[in-house]
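The structure under discussion appears below in the form of structure tokens.
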């Protein structure tokens, strides 16, 4: 039995691998890792594939300095800027996505956090939406406090999104206007408020494979439910506009390792899919069991109809 199969069997027997073991796996053959990750997904998660969509509920003018982000005031980009969308626009989008076969819908807003007034506004929208549509509600409104997160829960939100973005060690290389600890504090408060949590990051920022593995282990310690992994799509005008893109092999290895580290969780293919020549099909054979469909915040995505067709052809149930 080779090393990949040895660790696969360890996971299938109910144990978890250590960081040292994950680092060993990171040096192994990509195809073997991907195949084993797919076996783990099939054995522990089954054929269910979770599909979500997002709407950019408030765009641009963000005071944070995340180097990858087109919405930051620190960078000159061509993105559209607007205040919080009206409830009718959000509700119409959610119902449309639900009718297209999407399971989850999230309103994502720019900025470190939304204001108290905006919390009240979105909660009212979520309450209205809950009465009109059965789609599961997610929210991504920045570094909210416990009381604000409780209000979201009471208005019908099931899952809160707050990405770690990268490892604790690498975080200050991409952002200095807020901290890694502020993010983990928000995640812990969301869990305390009774919300599920969606948290992952971006790969291709200049981090090492060890950074990605460290992030995965932090997410495991936090016990988040869904792990969205974005592939950096360098945007002109941002600090990372000339960042070298990762190879598909490197991307595949990363996704497979996340399945080894987080065997029972939703490993979600997120932004950057448009960079992949197969729309992420290879990754869906390498441990992925969830995806964000449709357009991302500031970049184009994959149409939901095309996603569902591909996902079903791969043997998943949507």
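The count begins at 1 with the first shown residue.
Even glycines carry a Cβ here, placed using N, Cα and C.
Of the residues 106, 110, 167, 172, Swiss-Prot places 106 in the same [2Fe-2S] cluster site as 138, 198, 268. According to its DSSP assignment, residue 69 ([4Fe-4S] cluster binding site) is coil. With every protein chain in view, the residue among the binding-site residues 62, 66, 138, 198 whose Cβ has the most Cβ partners within 10 Å turns out to be 198.
Excluding 106, 138, 198, 268 themselves, the residues of that chain whose CB lies within 8 A of the CB mean position for the [2Fe-2S] cluster site are, in sequence, 52, 54, 104, 140, 159, 161, 226, 228, 292. Under a cutoff of 8 A between CB atoms, and with a sequence separation of 6+ in the same chain, the neighbours of residue 69 ([4Fe-4S] cluster binding site) are 62, 75, 238. When other Cβ atoms within 10 Å of the Cβ of residue 106 ([2Fe-2S] cluster binding site) are tallied across all protein chains shown, the result is 22.
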